[in-house]
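Student: Taken from TrEMBL, the feature domain 'DAMP1 SANT/Myb-like' covers B:97-167. Among the features that TrEMBL reports, region 'Disordered' is placed at B:176-239, B:302-378, B:460-523. Here TrEMBL flags B:180-190 as compositional bias 'Basic and acidic residues'. Among the features that TrEMBL reports, compositional bias 'Low complexity' is placed at B:206-239, B:327-340, B:357-372, B:468-479. If you look up TrEMBL, you'll see B:385-461 marked as domain 'DNA methyltransferase 1-associated 1'.
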Amino acid sequence: MTSIKRMKGLSLARPIIYGNSATPLNGKKGGDADHTHRWTISVRGVNNEDISYFIRKVAFKLHDTYDNPNRVIEKPPFEVTETGWGEFDIIIKIHFNPISGEKPLTLYHHLKLHPYEDDGLGNPWPKQKPVTSYSYDEIVFNEPIDSFYTILQENTTSNVPLKKTPHHQFSLQAEQEEVERLDKALKTTAQEIVRYREKCKKLEAELASK
Amino acid sequence: MATGNDVREIFQLKASDQVKRVHKTERKPDGISRELYGLIGNNVSTVAFNNPTYKPKLNVSKKAVNWTWRPFVNPSRDDDLILHHWEKTRTDPNEEYRFYKFNKSINLISFSPEEYTSHLKDPDWTMEETSYLWDLCRRFDLRWVVIQDRYEWPPQEADRLALQYYNGNNLVITESDSNATKKEGEDTPMKDASAAASGSGEIPVKATLGADTPTTTGATTAATTPASESKPTTATASTSKAVVNITPAKTRSMEDLKHRYYAINRILTKIRMSDASQAVEKAQLLSSMAYDKNREIERKKNLEILNTRTPEQIEKRKKAPKGSVQADDSAPPTPTTATSGGNALKGSSSSNHRRPSNASDGPGGPSSASAALPPPVVKKEKLTPGAYLRSQKMTPVVSTKQQRVQSALVTLGLPFKPAMPTATVMAKWDQVQSNIVTLLDIKKQADKLESDLKVVKMRRGSLGSGSSGSSSALASAAAGGAGGSAGSASLGTNVDGNFGVKREGTGDESGTPGPVKKKKRKE
């Protein structure tokens, strides 16, 4: 085993977007009750950038009723397209570039086929519009091996897009909004904590006097 | 008991030829005792043998060292005393006495009488007393505790000797004795000063009785006044009486002494280093001699307060957040002391008070209630190597509390996990989580207190009203307790915007035993 030197104290993150998109199939082409939707589950980088420099392959474990439920995709785009009728949990196992020496990472994604909400305009979801469910996440490499680190450095990730658009669900704007929400929650909780502390003190004093 | 033969009979087996002789012990080993044979003989029982531990063998390889009886001088001495001791022959006889280097002494600045009269005068101090202080400082190496303890001005030594002498000889029968003054022995005696005149110049002979108004003597050596038989009172004793006047020693506090010492040092430094080239050095020296008497007194007083805190006060300190001012805070706000040591000591002692009380509080009260408001993000100094998904590394919540936390999140309008888990978002998320947990704990505590209070009130009320009323009231309080914890599962906002757990029947705080209001809130 070669000497593995890890970069102490260093931590790098790479954002990914994973999830699925599904369109309903018209009854015609083999569209029996078993294949009401065509869906694609994918793992990609933000802005569709290349992630194959640190991801070696992605293994999607589909529902057992599918043939070959273990679909392993070894080159980009890391996605699987299938047809079916039901929603189920897909186990996504990301195998990293072997230079990284990292164990494969497991993600879970619930396949979404049916729209649960209206499209924001008060109308029910239009029939042909694809239903999507994507999640943003960041893969953090703690103390990467130095050779892997250089690879990561060479391929810096492009930033998440600035604004929220119909195409880009995850943007800096979205992040900012989240931060603001959290800040508001922080403030509220802090206030409540103070309030309740005061209350406690008062009650304690009262109790002590009795 | 069945023997082998019996068994064989039962099974109708032939008698076996091989009869195993089980364990035939040898009898009577010859020549040695039985016990000894059992230990070291043929059939030794398998018991562990504990090797006896002897003293380690003496190492005689080293050669004997020669020692000589040598005279030596100690340079620390100011006389020419020559002592002897054993020394290894091989050491150098001319070597310096090994303990000489430990005889360090303080460099005291000393003043001359001219300097004193021109710069160092002080209304409260005479030159003699100042010289006395200097002498003490030199003798005791500026150890203030000792100096203050030994400090006695005007010196009472001679008076003490006189007292001893006279008391011992029982020569005194005086008028004041018959008056039965209540003073202690040291102060009351009237002595025959004539005998005491030996050696002590400071026994003034006073005309009046020594009890009430001792007048100060000149601190200087009074001329040995031989016993003037002044004012003899009714002389019932053979000797004439005179009063030994004890001047009471002026008590000076340590701050007093230090103040005088440092003041003189500062003045002398200023005078002697008036040269501009020494300005820096002078400034340094001056700063090292900055002594503020009042501040020191304050500081020591505060330390004393800290030291004598009752356990209740420690508890109070612990429960409240660090920034708040306590109601019982009797310590006046202290200005920043010149001595930084004082501050550090105060800070550490107060935190020391807090830390052990926190540790001891363990399973008891809601210790998390005393935690500070949102703790800062933990520094990632410990990085475990590996790859992980950021959204998966959230600080886990205790499963028992998870439901409540989730309802709190709902109330706050937050999803159960963040939509875009970036580093900042996750950091804030952790903060919010911990805040929520803290808040829930405090709320629980508040509710407990409320219910306790209610119970107490009920009990008080029950002394007046009937027992049935109190029992129903108690029941309502108890039901409130049970319902409150169940109702809190669904955190809804109340009319008054109350956050989270709402007790049932909090409306009737008056404690009147009314109908139990069971408000089940459904969300």
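Yeah, the Cβs are placed from backbone N, Cα and C, and that goes for glycine too.
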Student: Can you count helix, strand and coil residues in the domain 'DAMP1 SANT/Myb-like' (B:97-167) using DSSP?
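Tutor: Summed over the domain 'DAMP1 SANT/Myb-like' (B:97-167), the classes give 41 helix, 2 strand, 28 coil.
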Student: Please list the DSSP helix, strand and coil residue counts for the domain 'DNA methyltransferase 1-associated 1' (B:385-461).
Tutor: 56 helix, 4 strand, 17 coil
Student: Calculate the per-residue pLDDT averaged over the domain 'DNA methyltransferase 1-associated 1' (B:385-461) and state the result as an integer.
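Tutor: Result for the domain 'DNA methyltransferase 1-associated 1' (B:385-461): average pLDDT 86.
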